[in-house]
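Enquirer: Copied straight from TrEMBL:
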- A:77, A:79, A:81: Mg(2+) binding site (BINDING)
- A:78, A:94, A:101: Zn(2+) binding site (BINDING)
- A:30-103: domain 'Phosphoribosyl-AMP cyclohydrolase' (DOMAIN)
């Protein structure tokens with residue numbers, strides 16, 4: 001069946017959550033948002049492109065920082081309301097310079113920093 | 001620093017997205033939503049507990065199906081607006097009987113089913 005981004009379920013702002021996972025290590029890198037157009041752009045360019053809620057514009061991941069996400073696999077979930085992109089991540093995925101945005105673990109009720117910046 | 005669920009960023013409905021990842025295989029299993037109370041409950045019981053948006057009630061994953069998610073690690077992202085739970089998944093995570101909810105890949109513009117039901 002041909003894929004049509006319009007068949008996905010978006011929130012009131014026209015957005016859908018997209019999880020980025022490192023295609024090699026399996027590490028979950030980040031979660032951000034896409035709209036129908038950024039999905040189309042991601043599939044066409046093979047460069048992961050989100051919608052920036054703060055800037056209200058397309059966000060080609062790494063366009064400024066060089067920390068790009070080359071698309072390896074694009075998956076949707078059973079409810080068609082979440083996306084999983086498997087990527088080749090260039091450098092850190094997180095704006096803090098860490099490999100993943102999920103660098104804080106909760107252990108015995110305490111916040112613990114589990115990843116240091118790469119750069 | 002002591003972790004307080006109230007310090008996370010929730011949407012207008014008081015919810016935050018939670019990604020579940022298989023602690024052993026690294027496979028991303030599903031994405032669902034939590035509120036502050038279900039986060040507290042997840043950390044206390046070590047059984048992943050979401051908030052069901054359709055039923056408007058706590059959703060102890062697997063309470064009915066037996067397909068529970070035992071909490072291994074609980075992480076938050078840099079923006080404090082997304083959760084990653086690493087879990088020991090009992091049986092399939094997806095209500096369709098598949099290991100993961102992300103069983104549809106987009107390949108060359110076509111939807112392709114990449115996982116069959118386990119049960």
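Cβ coordinates come from backbone N, Cα and C, glycine included.
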Enquirer: Across the domain 'Phosphoribosyl-AMP cyclohydrolase' (A:30-103), what is the average pLDDT of the model, as a whole number?
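Expert: A mean pLDDT of 97 is what the model gives the domain 'Phosphoribosyl-AMP cyclohydrolase' (A:30-103).
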Enquirer: Across all protein chains in the structure, which of the binding-site residues A:78, A:94 has the highest Cβ count within 10 Å?
Expert: A:94
Enquirer: Quick check for the class: what is the C-alpha distance, in angstrom and rounded, between residue A:77 (Mg(2+) binding site) and residue A:101 (Zn(2+) binding site)?
Expert: 22
Enquirer: How does the domain 'Phosphoribosyl-AMP cyclohydrolase' (A:30-103) divide up by DSSP, counting helix, then strand, then coil residues?
Expert: 10 helix, 29 strand, 35 coil
Enquirer: Rounded to a whole angstrom, what is the C-alpha distance between residue A:101 (Zn(2+) binding site) and residue A:81 (Mg(2+) binding site)?
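Expert: A Cα-Cα distance of 22 Å.
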Enquirer: Over all shown protein chains, what is the count of other CB atoms within 10 A of the CB belonging to residue A:79 (Mg(2+) binding site)?
Expert: 15
Enquirer: For the binding-site residues A:77, A:81, which one has the sparsest Cβ surroundings, going by other Cβ atoms within 10 Å?
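Expert: So among A:77, A:81, the binding-site residues given, the one with the fewest Cβ atoms within 10 Å is A:81.
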Enquirer: Relative to the Cβ position of residue A:101 (Zn(2+) binding site), how many further Cβ atoms are located within 10 Å?
Expert: 26
Enquirer: Between the Cα atoms of residue A:94 (Zn(2+) binding site) and residue A:79 (Mg(2+) binding site), find the distance and write it as a whole number of Å.
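Expert: Roughly 28 Å, rounded to the nearest whole number.
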